[in-house]
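The feature domain 'Cytochrome b561' is assigned by TrEMBL to 1-97. Look at TrEMBL and you will find 6-24, 36-54, 74-95 tagged as transmembrane segment.
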């Protein structure tokens, strides 16, 4: 229950941060405001905390209330959710490349079309 309350608070903070990020623009477009990072960190936390809540629920709460074991399919589904979450987090590793491309674009070193193309490879 404590995790659920924390999730509700985080959800409202995330909605507030998201509104701030999307409806207010920084005075200097070259800078990324602090609320953008706050919004991203809370987004990841809102994904991670329910995973913990689910695990606790079906491993501890379900058996204590029903005296039944957990179906194997539930474990598989939970593992799929964890794998998808890990893949999402791995995708965050590409943010530095995106930031670098945005900075180059703002400096005029890159056109809009070149941001969409892959760099040439040496074979």
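Any Cβ shown, glycine's included, is placed from N, Cα and C.
Unlike curated records, TrEMBL annotations are generated automatically.
Beyond the transmembrane segment (36-54), the same-chain residues lying 6 or more positions past its ends with a Cβ under 8 Å from any Cβ of the stretch are 3-4, 6-7, 10-11, 13-14, 17-18, 20-21, 78, 81-82, 85, 88-89, 92. Same-chain residues lying 6 or more positions outside the transmembrane segment (74-95) and placing a CB less than 8 Å from one of its CB atoms are 40, 44, 47-48, 51, 54-55, 58. Per DSSP, the domain 'Cytochrome b561' (1-97) is made up of 81 helix, 0 strand, 16 coil. Computed over the domain 'Cytochrome b561' (1-97), the whole-number mean pLDDT of the model equals 81.
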